[in-house]
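Enquirer: Sending over a structure as C-alpha cells; questions will come in a sec.
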C-alpha cells in the first residue's frame, strides 16, 4: 500500500454514487484545466520558448490531475503499517566507512547543488535570500563558493557548483555571480519550474497568458529539482563531464558541506539516494521523519499524520530523527526515474489568500518536497548525521548565533567554537522588533559574547550595547512604550530584566 500524500486524517466511506459524482467532477475539472493550459501555451509565439513552456505545463497538469484524483479518493495512511525505521533504513554516521585513498576519484564524480529559489522577505530583505550578509561580510552564496573553491584546491579536483534558482531569484543571482568569474570554480545555474497559481473555488489557473504578472505564478517546491534538472539539460551536462553524484541542500543551511565519508558510503553501498537526518530535539518535533511503511522506507510529514496520532509522531522515542534536507542523488538514476515517469511524490497543497489586482483571492499552490522521492530509488536510505550538519538560518535569532563568538569561519565553513561546552547552540528567541535584518542590526549593532549562554529571550524595544557578555539564562522584556538599553560592557548572567532603562549618551 502506498503512503498517501495529503492532509490525511480524514476517514472516507463513500457510496458508489458519491464516487461516481466525484469521478465525473474530477474529469470535468481536469478537462477544463487542460483547455486553459493549452490556451496559455498558445500565447507563446517563439517556437523554442513555446516547446519549453508546453513541457512545463504538461508537468503541471500531471501534478494537478493527481491532486484531483487523490482528493476524490480521500486516501490516507494506514497507521498500523507505520513503524520506526529499521537499522538498515537509517545508518548511523559513526558506523560508515571513513573515506580513504579514493576520495579524490569520488570527488571528481561529484557536483554540489544549492536550492536558491527563496527570497529574503521573511527576514525583511529584498532579493534572493542567498545574498543576505551572514558573517564577516560574506553572504550565504559567498560562503558556499569559498567551500567549493577550497575543496577543489585541496584535492586538485573540479567539483561544479550548481544553483537551482526560481523565477523570483534568477535575474538577481545572475548579476551577483559575475563577481566569481575569476575564481577557480565552475558555476552552473538553471531555473526550477514556473507553475500557474490556481483559483481555489473554480480550480482554474489565475494567469490568462504566459507572460502574465509574476504574482500569478509560483515555484512548486524543491521536489521539482528532479524534473527541472532533466528538462533544463543540466543533468546531461553534468553526466557528460563525468559527474555521477549530486549533493543537494538548502543554501541557508550553513552546516551542509561536502562530507567525504558520506560520499564514500554512497558509492560503496550503490545507493541511488541518501537523506541526511539528525536527532530530534524539542524544537524539531514537527519535522519530517523517515519511517518503515509496510517494509519500505518513506518520508512522513506531520501534515500526513491522522490527528489522533500527532503526539505519537512527535515522540522522540519512536521517531528519533528528522530530515535535514541534505540529500545525495545518483545522477543516472535521477534521469531514469524522470524519463520513465516513475516519480509520484506526495503533494503538498499550499492554500493561501493573496492580493491580486486590488482584491483578495483564495488560491492553491501544488508543491512537492525532494525528500518524498526517497521511495522511488534503489538502495535508498537515511544517514543519522551529527547536529553540526544542520545549521539553518531562517530568522534573525539564528543570525545572532552564527554572527557570534560561538562560531568561526574556516574556508567558508562555519565551525563551532571548541570552547563551547556540550557542543550545542543556546536557545535564542528574539521578538518582533528583531524580525527584519535592518531592525536586528539597529538594536544589536555589536553581537554579544554568548559562549556561556544557555537561553536568551528578548522582546520589545531593547538595544544591546557593545562588548556585552551573556551567560546562563537571560530574559529581557521591554513592555509597551518602554525601552531598555543594555550598557556597553555589561555582563548579564542568569537574570531577568523588565521595565524601562534608558542610557543617555554624553
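A Cβ is built for glycine as well, from the same backbone N, Cα and C atoms used for every other residue.
The model shown is predicted, which means the values in this text are computed figures rather than measured ones.
Straight from Swiss-Prot, here's the annotation block:
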type	residues	note
ACT_SITE	394	active site
BINDING	115, 116, 117, 118, 129, 192, 221, 252, 394	UTP binding site
BINDING	117, 118, 222, 250, 251, 252	substrate binding site
BINDING	129, 252	Mg(2+) binding site
MOD_RES	15	phosphoserine
MOD_RES	17	phosphoserine
REGION	455-506	region 'Oligomerization'
Enquirer: In sequence order, what residues of the same chain, 6+ apart, have a Cβ less than 8 Å from the Cβ of residue 129 (UTP binding site)?
Expert: 118, 119, 120, 123, 140, 251, 252
Enquirer: Any idea what the Cα distance is from residue 250 (substrate binding site) over to residue 394 (active site), rounded to a whole Å?
Expert: 11
Enquirer: Roughly how many Å lie between the Cα atoms of residue 394 (active site) and residue 117 (UTP binding site), rounded to a whole value?
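Expert: With distance taken Cα to Cα, residue 117 (UTP binding site) is 14 Å from residue 394 (active site).
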Enquirer: Of the residues in the region 'Oligomerization' (455-506), how many are helix, strand and coil by DSSP?
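Expert: Its residues fall into 0 helix, 31 strand, 21 coil.
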Enquirer: Applying a 10 Å Cβ distance cut-off over all chains shown, what neighbour count does residue 250 (substrate binding site) have?
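Expert: There are 23 of them.
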Enquirer: Identify, among the binding-site residues 117, 118, 221, the residue whose Cβ has the fewest other Cβ atoms within 10 Å in this structure.
Expert: 118
Enquirer: Please give the maximum pairwise Cα distance, in Å and rounded to a whole number, for the UTP-binding set 115, 116, 117, 118, 129, 192, 221, 252, 394.
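Expert: So the binding residues stretch over 21 Å, Cα to Cα.
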Enquirer: Between any two of 117, 118, 222, 250, 251, 252, the residues recorded as binding substrate, what is the biggest Cα to Cα distance in Å?
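Expert: Roughly 14 Å, rounded to the nearest whole number.
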Enquirer: Check the recorded positions 222, 394 for other C-beta atoms within 10 angstroms of each C-beta and report the one with the most.
Expert: 222
Enquirer: Across all chains shown, how many C-beta atoms besides its own are within 10 angstroms of the C-beta of residue 252 (substrate binding site)?
Expert: 22
Enquirer: Cβ within 8 Å of the substrate site's Cβ centroid: which residues qualify beyond 117, 118, 222, 250, 251, 252?
Expert: 114, 115, 116, 129, 130
Enquirer: State the count of C-beta atoms found within 10 angstroms of the C-beta of residue 115 (UTP binding site), not counting that atom itself.
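Expert: There are 24 such Cβ atoms around residue 115 (UTP binding site).
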